[in-house]
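Working notes for the structure below.
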Amino acid sequence: MSWSSPQHQQPGGWTDERQPGAGQQYRRPMQVAVRARGVRKIYGRGASEVAALRGIDVDFEQGAFTAIMGPSGSGKSTLMHVLAGLDVVTDGQVWLGETELTGLNDARLTRLRRDRIGFVFQAFNLIPALSAKANIELPLTLARRKPDQGWYDSIVRRLGLTERLQHRPAELSGGQQQRVAIARALLPRPDVVFADEPTGNLDSTAGAEVLSMLRSSVREAGQTVVMVTHDPVAATYADRVVLLADGAVAGELFSPTTDSVLDALRRLGR
Amino acid sequence: MFSLSLAQLRSQAHRLVATAVAIVIAVGFVVATLVLNDSSRQTVLGALASQYLHTDVVVAPDDTGEVAPQTLAKVASAITGNPAVAALTFDSSTYVSARLPGRAAYQFSQVTGLANDEVLRWQKLEEGSWPSEPNQIVTAVGRDLEVGSVVEIRIFGAEPGQETVQATVVGLTERSSDIASIGTPLFWAASDQARAWGATSGGALRVAATAGTTPQDLALTVRQTIQEIPETEGLNVRTGEQEAEALADALTSDTAVLANVLLVFAAIAVFVCALVIANTFSVLLAQRVRELALLRAVGAGAGQLRISVLTESLAIGLIASLLGLLGGLGVAAGISALAARYETPVPLAGITITWPPLAIGLAVGVVVTVIAAFMPVWKATRISPMAAMRPLDDAPVRSGGGLIRRLLGLLLLIPGAGAIWWGHQEYALHAVIGGGMATFLGTLLLARWLVPLLVSLVGRIVGPAGQVPGRLAALNATRNPRRTAATATALIVGVTLSTTIVSAAATVRAYGVSEIDETYPTDVAVSAGQGFPDDMLNTVTALPHVQAALTVTSAYLEIGRGRGERDSQNVQAINPQEASQVMRAVGQDMPTDGTIVFPSWGSDEGGWDYADGDKITLWAGQRKVELTVRRGSDNLNDVRMSRNDLATLKTADAEVYEIWVRLADDLGKSERADAVDAIARASADADPDSTLGGSAEARVSADEFLDTMLLIVLSLLGVAVIIAVIGVGNTMALSVLERRRESGVLRALGLTRSQLRWMLLWEAMLIAAVASAIGVALGAFYGTGAVTSLFRLLNSDGSDVPAVIPVGQLAAILIGATLSGALASVLPSRRAAKVSPVEAIASL
Ligand SMILES: Nc1ncnc2c1ncn2[C@@H]1O[C@H](COP(=O)(O)OP(=O)(O)O)[C@@H](O)[C@H]1O
Ligand SMILES: [Mg+2]
């Protein structure tokens, strides 16, 4: 399976603002959206103990698109879960902006996820009973907030969902479902959008579309996106790649290309 | 494949617990009913068999009963002296009035002669001795009598001066000896004594065989002898054993009716259980679609899969039914132990376990489980192997074949409703019942379309109260219409039946109370013998618990039309104003000022030929009064007029005839007995020959009977409702498992734990509320409809009984069922809320 490279991909649907150049970097005064310090995560006890994360120190810059990569079982998903407040760490600290997540109780974590974090999962994970529109608005509905109409319209237009809003998830293609999931993640203007293998269940065309849209949300709207992937082509859409191996950070790449990512991965797997 | 079934069963055991509980309850119900029925019959048969232990042959009139008493005597003398006959005796008995020590009232009782011959005297003496002197009797233990107690016996048709006898109890027999006398007290006396009190030997002739003669041989001999005697066609010759069985059949036919009624309830429980099972399996299999498809892909045939899954249902059905058997036996034993301590209408001592009830219970459990599982299994195993390859989609289930279902439902519903209406108009109860069943089936068929519709409607109306979780719940409840409808259907059945009974009972009750009041208008009536003193009314009114009283005076007057012939007529006079205070219902038999009421039968049977509205004149000496005739009811036996009209005649020979008493309402049993006793004593003091009548007891027991029946029926239907509620919990538990990942997503997106719990509770409540609302509406309609149609038919004049809808009770059922639905989903929703979002998302 091969991804068409981002250089040949026209970002479809976004109508306003500049066309970003390939590999072009947005440089702002460095502000950290998510910060992890000494994060350890141990599953199980005694003989069956598995150390999924063994002391992670990493920062994710605001307004940047970061990919987390590494071999299967290296702890990518686990890291994302603890960064997103879905799971608690065994040791160490995690901050979202100024807020320390470690130590918050379930109710406060839930509220924090609702108000400040967006998710895009591999398996789309839309609520089958709700229409696309209701799915997109769900986090705001849960927070009892009204969506900003202009922002809503522009997201829907850019994601090409205008015609699909009244459909149920089962009536949408995989790519369309994932675009609904992205719209759902973007609408509340969260501090960070976490995406775990967002293209894992998609064919290459649909996958490329989804990645372009994530990238343009970063470039054009300043959204912070952290994406877990094992696909080198997907990683080239990001500004920076953080490499994991055996539950520890094993390096990073800026302005990744397919070749540089493959190279880095090969070196990890040695 | 078999090992796969077992592995599945083991891994899904916890999901099947609720199903198993439903089966256990239903099978237990069936088994307990059948075992109790058997036990009751065995109890009776055992007691009767002991009565015929030494009786080898019984000669008795057959059902037509047309045999002259002398004929039996002729038979007796013909077989006496036959070498096969060792002894014989007549069963002779009579009815008397008996007053037990310390009681004011007489009771209708039976006196039966004891066999002179020891061999044929089957009663088992437990205490004391057999009667040896005149005026001695024996009775069974448990009647509040002891050896030495004195019973006052009044003999019907005795010579004047010899009507009353003081009989002494000299012995007590075992309780089982009077098993045949449920209700009326039974006394035994020596056969001569019994004859002296009026016993005739019309009953039966018992014969004992000599040693070496079998009962069959003796019966043959007796039959041959009888053939030579004329007019013996109506006599049956049976062995003692045959006779005992015939009697037991007659005695337990009531019990058998009861058992049939119970079995109807058991059938309802089984039906509801089947719905729960079918539902469980369709949910379980829906969760396993991928796995089944995978098995198909790797080469399992659809038939193999079917057998594998059906094996699972067979195993669960078998295990649960075995538990149900044990439970049912336990319940039967418990009820029997309880019944042995009280005097119950169904005789019970110990339990009799035979194979048929156990086999039936087991078969019902297993067969119902397998059949109920069959449809879901059939559907699930028709899956194509391709399904395993497709990504798991969360497509909402659209019900297929809905059109046929809906058409069929409407085809049953509309003509059914028509039949009810027509039957109600045309006094055709069968049409009403048939229509009721058709509409019920129609509603159940329409449930899949109707329930989701109503759920989303109700969800929209009450949605705002439930916030976001509430709105999500309404959506979830409608997303698998088939499952929602099946869950609801089980509850609809239970609630409809309960409501039908409750509203039927309310209507019957409202009607019954007025009917009971009309049938038993007077609590206590004291009739004068020699005559009451003038202040008798004051004496009675002053007694405790007496609320009001009136006197009925009687006088002989001359009556006639105008100038024509005059007849002398005894007339009773009642003050209409007093009557309305003393009597519980002042019916058509009560005179008003200016009218005179005649019994309805008068004109046919040669008494009076006065018709409604005739004017007649009454004379007392020179004074006269003109009154309008009214014909009373069938129950009226006297001619009645108003006391005010009698007063204008100023007749001298009017005397107090009866005193009618109304007791205070809401008296306890002992208070009521005390009050009646006090009245009896006061009137005996004033007039030793006075007699006591009235219907305080009958009225209250009629009332209590209605309440007891209602309670029993409702608790029986309660079993069905409990099973249905378990079904709601089960469906919730399963759909929570099914939606594990979805719950995780919602949690990740910011739904708090309590919101998630609330969402699931809300969903269960919506389904339960809609199901119970449908059930309550149907039940109220059926209950009142059935009763009013029935009474229209029964009331000779075709008058209507007003339908009473017990709003309070119906609301209680609605709220109760809704809350039970919520309660049943507490555990599943707690479990769902405990799952962490990561786990849920990871469990692809
Ligand atoms: N719930 C869990 N219980 C035990 N071990 C786990 C659990 N989740 C993940 N692991 C282990 O932690 C390690 C990292 O897993 P994960 O973060 O899913 O890796 P990746 O997403 O990079 O493939 C693996 O060894 C995995 O087996
Ligand atoms: Mg992973």
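Quick reminder: no glycine exception, Cβ is built from N, Cα and C everywhere.
Note that TrEMBL annotation is computational and uncurated.
Annotation comment: TrEMBL describes B:18-219 as domain 'MacB-like periplasmic core'.
Residues or ranges marked as domain 'ABC3 transporter permease C-terminal' in TrEMBL: B:264-385 (among others). Across the residues of the domain 'ABC3 transporter permease C-terminal' (B:264-385), the predicted structure has a mean pLDDT of 77.
According to TrEMBL, the domain 'ABC3 transporter permease C-terminal' annotation covers B:716-837 (among others).
Residues annotated as transmembrane segment in TrEMBL: B:16-36 (among others). Non-local neighbours of the transmembrane segment (B:16-36) in the same chain are 9, 259, 262-263, 265-266, 269-270, 272-273, 276-277, 280-281, 284, 316-317, 319-321, 323-325, 327-329, 331-332, 335-336, 346, 348, 351-353, 356-358, 360-362, 364-365, 368-369, 719, 722-723, 726-727, 729-730, 733; each lies 6+ residues outside the stretch with a CB under 8 Å from one of its CB atoms.
Annotation source TrEMBL lists transmembrane segment at B:261-286 (among others).
Beyond its flanks by at least six residues, the transmembrane segment (B:314-338) meets 5-6, 9, 16, 19-21, 23-32, 35-36, 39, 348-351, 353, 358, 361-362, 364-370 of its own chain at Cβ-Cβ distances under 8 Å. The annotation transmembrane segment is assigned in TrEMBL to B:314-338 (among others).
Under 8 Å from some Cβ of the transmembrane segment (B:358-381) lie the Cβ atoms of residues 23, 26-28, 30-31, 34, 270, 273-275, 277-278, 281-282, 285-286, 288-289, 292, 302, 305-306, 309-310, 312-314, 316-318, 320-322, 324-325, 328, all in the same chain and six or more residues away from its ends. Positions annotated as transmembrane segment by TrEMBL: B:358-381 (among others).
For the transmembrane segment (B:402-422), same-chain residues at least 6 beyond its ends with a Cβ under 8 Å from one of its own Cβ atoms are 428, 431-432, 434-446, 448-449, 785. Per TrEMBL, the feature transmembrane segment maps to B:402-422 (among others).
For B:428-451 (among others), the entry in TrEMBL reads transmembrane segment.
The transmembrane segment annotation in TrEMBL covers B:485-506 (among others).
Annotation comment: TrEMBL describes B:709-737 (among others) as transmembrane segment.
Sequence-distant contacts of the transmembrane segment (B:758-783), counting only residues of its own chain at least 6 positions beyond either end whose CB sits under 8 Å from a CB of the stretch, comprise 436, 439-440, 443, 447, 450-451, 454-455, 458-459, 466, 469-470, 472-474, 476-477, 484, 487-489, 491-507, 725, 728-729, 732, 736, 751, 805, 810, 813-814, 817-822, 824-826, 828-829, 832. The feature transmembrane segment is assigned by TrEMBL to B:758-783 (among others).
Among the features that TrEMBL reports, transmembrane segment is placed at B:803-827 (among others).
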Tally of residues which DSSP labels helix, strand or coil - the domain 'ABC3 transporter permease C-terminal' (B:716-837): 102 helix, 0 strand, 20 coil
Same-chain residues at least 6 beyond the ends of the transmembrane segment (B:485-506) whose Cβ lies under 8 Å from its Cβ atoms: 268, 271-272, 275-276, 278-279, 282, 440, 443-444, 447-452, 706, 710, 713-714, 717-718, 720-721, 723-725, 727-728, 731, 767-768, 770-772, 774-776, 778-780, 782-784, 786-787, 804-806, 809-810, 813, 817, 821
